[in-house]
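Below: one structure, written as structure tokens.
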Amino acid sequence: MVKVENKTSIFDRIAWNIIIPVALLAIIGLYSIYVAATNDTNSMGSPVRATVMQLVWYLISIGIVIFVMQFDADQLFRIAPYVYGLGIFLLIAVLFLYDRNTAASTGAKSWFKLGPLTFQPSEIMKPAFILMLARVVHDHNQKYDHTIRNDWLLLGKIIAWLAPIAILLKLQNDFGTMLVFFAIVGGVVLVSGISWKIIIPMFAIVAILGTVVILLVTTSEGRQLLSHFFKAYQFDRINSWLYPSSGTSDSAYQLWQSMQAIGSGQIFGNGFGKISVYVPVRGSDMVYSVIGETFGFVGSVAVILIYLYLIIQMVKITFDTGNAFYSYISTGVIMMILFHVFENIGMSIDLLPLTGIPLPFISQGGSALIGNMIGIGMILSMKFHNKDYMFSTAGDF
């Protein structure tokens, strides 16, 4: 196989159709954090300081994107086990070195404390797992034909690489983040070539189990049964989702206030920077309520359309590369971002239970931003290193 390098300029090799929507979301994020801080100086501090701090995280993440996009498919394939191993090491380390104050307020032992900053290693584990998962699937498909037996073997490999992460996240009490990894696996399995004779029953079982859990939490007997598997604060979030107006817990109050804020924006919003409803943790988990209150239904939908455009452009770049390994990476990144968007917006409007999952590129914080930007860096790498292939089949490097 012969690789023929593209002779286009560096400017033309950059996927501006990815960078522009991400930049727009970042600008919306800075605006939302500033506005949220003006209404919550007790927990967020000075609005200027909160905004500048987030701007610093954006600048750091831009540097990380530039660094990641220098790696081509061969290099990403080779480093996958090392970054996966590093991620596992950090997930183990945080179990012993987690910040006690954050654990007391969130119920999750998933944060390091580094001076005034906190860091969540599971956010970095997401792109690391995507990379490793892409390598496992690509390597398997290069060695084996697609038979039912071999497809079960591939599924077993995927579960084997997921299992350590799921166990460590369970020990951290971080069920919300675990759901993101399940979403990533679900997306990659769909494009991995595994037979639909396996996929359809598997997804049907997951759907049935999810329905059973939802039915169980609506009864006292069911909650008693599930108490052996879930923590009290997780039940609190489910109850808040079912009865948001009860106001019997912090979660219910947070959700109800978010709904009130978004509803108060009506069609066109209350105006630039104008908020009057107090929403706890508004700069991160409930940042979508800032958009809904100030820009209304129109602004809320506009943000969703930006995300939709970003996802579509990611898919287009993936098809343009004609590289199977890249397609698995892209699918993982798309599922990661898509699940974050769906869950965060869903919990802000009481469509889904609270999980503490941030809104990509908008929510306050550095860990999630860096994790998402690593994913963007891998997507940008696809076009930056896109090559024309002679005498090759789709899926080879």
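Yeah, the Cβs are placed from backbone N, Cα and C, and that goes for glycine too.
Annotated features, as they stand in TrEMBL:
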TRANSMEM  14-34  transmembrane segment
TRANSMEM  55-73  transmembrane segment
TRANSMEM  79-98  transmembrane segment
TRANSMEM  152-169  transmembrane segment
TRANSMEM  175-191  transmembrane segment
TRANSMEM  198-217  transmembrane segment
TRANSMEM  286-312  transmembrane segment
TRANSMEM  324-342  transmembrane segment
TRANSMEM  362-380  transmembrane segment
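For the transmembrane segment (175-191), same-chain residues at least 6 beyond its ends with a Cβ under 8 Å from one of its own Cβ atoms are 110, 122-123, 126, 129-130, 133-134, 137, 155, 158, 162, 165-166, 169, 199, 202-203, 230, 234, 327-328, 331-332, 334-336, 338-340, 343, 355-357. The largest share of C-beta pairs under 8 angstroms with the transmembrane segment (324-342) comes from 286-312, of the ranges 152-169, 198-217, 286-312. Across 14-34, 152-169, 198-217, 286-312, 362-380, stretch 362-380 shows the highest tally of CB pairs under 8 A with the transmembrane segment (55-73). For the transmembrane segment (198-217), the partner stretch with the most Cβ pairs below 8 Å, chosen from 14-34, 152-169, 286-312, 362-380, is 152-169. It is 14-34 that, among the stretches 14-34, 152-169, 286-312, forms the most Cβ pairs under 8 Å with the transmembrane segment (362-380).
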